[in-house]
Amino acid sequence: MAAETSHTLNLALQGGGSHGALTWGVLDALLDDDGLIFEGISGTSAGAMNAVALAHGFAQAAAQEKKVDDARYLGRQLARQSLRELWEGVGTMGSVGKMFWAAPLPGSKQFMGVLNQFLSPYQTNPLNINPLRQLLTRVVDFETLAHPEHPSVVPKLFICATNVRTGAGKIFKGEQVTADAIMASACLPQLFKAVEIDGECYWDGGFSGNPALYPLIYETRSRDILLVQINPKESDVSPDTAREIMDRMNEITFNASLLAELRAIEFVVKLLEQKRLDPERYKHVLMHRIDGGSVLKPFGASSKVRADMGMVRKLFELGRERGQQWLQLNREHLGVKQTLRFNENRG
């Protein structure tokens with residue numbers, strides 16, 4: 001799609017298991033816009049997988065085209081191909097439970113939920129089988145990604161994982177973005193053994209930054225950050241079953257760090273608008289959001305560990321529709337004003 005004006009922005013991609021297919025749809029719509037240039041991408045868990053697949057497409061293009069504009073044009077096409085290959089691969093895996101059980105068990109979702117309260121993945125998955133790693137290394141050439149021909153063409157990546165020892169978030173960037181880093185960012189401790197990198201063990205980045213916004217503020221020039229949020233902000237009902245309570249607890253946990261960062265950004269923006277802070281020292285961030293939580297509610301939290309092709313394609317279409325709607329309503333505001341309403345994040 002031809003664009004009248006060109007805009008540089010950053011992307012912040014939240015994790016959420018197979019619901020990340022909705023983010024794939026959003027990205028596909030954004031990549032359709034020739035005028036959007038992605039400077040940086042922060043991603044966690046499924047968001048990290050989306051981020052690295054997208055960046056891989058641009059890295060491939062940078063290796064094939066000498067001119068920056070040509071590389072960016074080709075990069076959009078190759079990024080869309082990489083994302084499609086990634087999620088169609090996920091769609092062939094079915095339920096995460098099938099990684100551990102040779103045959104389906106009656107009530108297997110509930111059974112796995114109960115089992116994980118008493119057994120760790122060191123017992124239920126002693127060989128640490130994770131087919132996502134094989135898929136990822138087939139789709140992404142991490143060596144090309146680490147050393148692109150035109151660095152300005154390839155978005156900077158910021159991948160968040162949680163240090164098990166300290167509880168702090170770790171941002172992997174540049175040459176640190178490897179298959180291990182992506183697996184660390186997506187390592188749910190109930191399902192997989194901690195990922196060890198340079199002597200430290202890591203779990204899912206959702207515990208500490210889902211996604212982390214601060215790298216986009218401090219390490220890029222663009223003021224615009226587009227957040228793709230797929231974890232529900234609100235619940236329409238008060239959960240009363242054990243499963244519903246656990247699901248809502250997880251949703252709140254995996255949104256907590258993001259909400260804290262959004263409140264901090266709101267505070268700084270207000271002070272800048274009141275001329276109480278030096279704009280030379282503090283960036284006036286323009287936040288935008290595509291909220292997929294409401295669209296995903298009918299699927300339920302349990303579907304995050306389910307990834308049949310039908311669901312993946314449905315989520316892709318819903319995400320693409322969301323992305324197109326956002327562009328129609330908000331593209332003109334890029335570089336001018338923020339479109340996210342901070343008061344939507346208050347309790």
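Backbone N, Cα and C define each Cβ position, glycine as well.
Per TrEMBL, the feature active site, nucleophile maps to Ser45. Listed in sequence order, the residues of the same chain lying 6 or more apart from Ser45 (active site, nucleophile) and placing their CB within less than 8 Å of its CB are Gly15, Gly16, Gly17, Gly20, Ser185, Ala186, Asp204, Gly205, Gly206, Asn210. In the three-state DSSP scheme, Ser45 (active site, nucleophile) falls into the coil class.
The active site, proton acceptor annotation in TrEMBL covers Asp204. All chains included, 26 other C-beta atoms sit within 10 angstroms of the C-beta of Asp204 (active site, proton acceptor).
Annotated domain 'PNPLA' per TrEMBL: 11-217, in sequence order.
TrEMBL lists 15-20 with the feature motif 'GXGXXG'. Residues of the same chain lying 6 or more positions beyond the ends of the motif 'GXGXXG' (15-20) and with a Cβ under 8 Å from any Cβ of it are 43-50, 87, 90, 96, 185-186, 204-206, 210-211, 230-231, 254, 292, 296, 299, 303-307, 311-312, 315.
Summarising the annotation, TrEMBL assigns motif 'GXSXG' to 43-47. Residues 11-20, 23, 157-160, 185-186, 204-206, 209-212, 228, 230 of the same chain lie 6+ residues outside the motif 'GXSXG' (43-47) yet bring a C-beta within less than 8 angstroms of a C-beta in it.
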